[in-house]
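Residues annotated as domain 'Amidohydrolase-related' in TrEMBL: 51-398. Look at TrEMBL and you will find His60, His62, His209, Asp297 tagged as Zn(2+) binding site. Annotated substrate binding site per TrEMBL: Glu89, His182, Glu212, Asp297, in sequence order.
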Amino acid sequence: MTTLEITGGQVLEPDMTVEHGDVLVDQDTGEILAVGDVPAGDETLDATDGLVMPGLVNAHTHLAMALLRGYADDKPLDSWLREDVWPIEGVLEPDDVRAGAALGALESIEAGTTALCDMYFDVPAVVDAVEQAGLRARVGHGVVTVGKDRDEASADFEEGLTVAREQAGAADGRVSTAFMPHSLTTVDGAELDEFVPKARNADVPIHIHANETRDEVTPLVDEHGERPLEYAAGHGLLSPTDFIAHGTHLDAAEIELLAETGTGVVHCPASNMKLASGIAPVQELLDADVTVGLGTDGAASNNDLDVFGELRDAAMVGKLAADDASAVDAAAAVEMATAGSADVLGFDSGRLAEGKKADIAVLDLDSAHLTPQHDLVSHLAYAASGADVRHTVCDGDVLMRDREVLTLDAEQVREEAESRATAAVERAR
Ligand SMILES: N[C@@H](CCSC[C@H]1O[C@@H](n2cnc3c(=O)[nH]cnc32)[C@H](O)[C@@H]1O)C(=O)O
Ligand SMILES: [Zn+2]
């Protein structure tokens, strides 16, 4: 057994208290052995003047969209997707997706993110990037049937299922999968009826964009005479392993349905603000005991993958939504970005405790904007950013030490992403 001792810092405990202490990790199993007063490890990671915390979990993203950062801004979802994003995504090759996902993975590691959920196409290329980066991920192929004939639609659903079956367990078990119909309005209901039972047989969770914009909810209600999540449940969706992205526009019955079925919600506040999609009722979801995690969504609607930004936005916009400054308090926001997201994704991480996965970030507190230290949970929610992360550890392995990423060649990843992004824009013209 090889052990790693993260030493000399303060530790964020699962109950959101902070204590001086160390963390001992078994690098072979990738699990936490002890927290607090721990025996010496074979190797050490210096956390002096630092806060040892669970790695952040980005529960909904499209990593490879890092290639499209700044490509199309200032539009609402539907025209942004149809006029800008889908046309350029149509010219992307698997090597572009690999390069974009590597860029997103690099950015994630630099910001203390250790696990994520990714929906995209050319998923094996995404898995390559995740494997090399050393991250943990739940991945899936986003299935779209609008604009396709029945054969093409079925083929895309088949691919979603194949990817979910074949990629499960990749990267030494750090990669798991989900079946991912893109959204309730971009996939056909009859196809859902055929494929949801197949996904259940394959024993994979189902992840879908839902109730993101009013422009999506209203036509669905008009056409089917029921709320989107009632429609989703009618097609076999919503279960304790399933999770929806956004949930921006939910009525009380839908919140109840999420709670009853144990379905998780991934709140993406920055994307919801940027696309002017709306403000999710996060405090109401938490009050109803719905499991809520946080996601950045893709870098083209955010425009970064820093989950610290997301948890600050969640706290801020949660107060606006509830018209109550005590709503979505600092601890609730930090919890959503760690344990909440991990629970939504079904990962045994997001908490620093014995037996949990050793997915850890060390935040450097030695800076003006994190002084004085009245309350470190407050700092995590309102003052820190990904740039403050000193070390990132996933599955017991050090991915970034003293801000140097060890698993990826940062310069090469950035150069390749830059040139592939430029070439893709040329081809899309
Ligand atoms: N098989 C599909 C790809 C689906 S991947 C998932 C898709 O979600 C898109 N996407 C990114 N952000 C959002 C969002 O906020 N709402 C809905 N879709 C999004 C993203 O651009 C990508 O096309 C195809 O061939 O077009
Ligand atoms: Zn999305």
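Using the three backbone atoms N, Cα and C, a Cβ is placed for every residue, glycine included.
Features as recorded by TrEMBL, highlighted on the structure.
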residue : record                 : Cβ neighbours (10 Å)
His60   : Zn(2+) binding site    : 28
His62   : Zn(2+) binding site    : 27
Glu89   : substrate binding site : 22
His182  : substrate binding site : 21
His209  : Zn(2+) binding site    : 25
Glu212  : substrate binding site : 28
Asp297  : Zn(2+) binding site    : 28
Within 8 Å of the Cβ centroid of His60, His62, His209, Asp297, the other same-chain residues by Cβ around the recorded Zn(2+) site are Thr61, Met119, Ala245, His246, Val266, Cys268, Ser271, Gly295, Gly298, Ser301
Checking the binding-site residues Glu89, His182, Glu212, Asp297 against ligand 2, those whose Cβ falls under 6 Å of one of its atoms come out as Asp297
Whole-Å Cα distance, Glu212 (substrate binding site) to Asp297 (Zn(2+) binding site), is 12
Between the C-alpha atoms of His209 (Zn(2+) binding site) and His182 (substrate binding site), the distance in angstrom, to the nearest integer, is 6
Averaging the pLDDT values of the domain 'Amidohydrolase-related' (51-398) gives 98
In whole Å, the longest Cα-Cα distance within the recorded substrate binders Glu89, His182, Glu212, Asp297 is 21
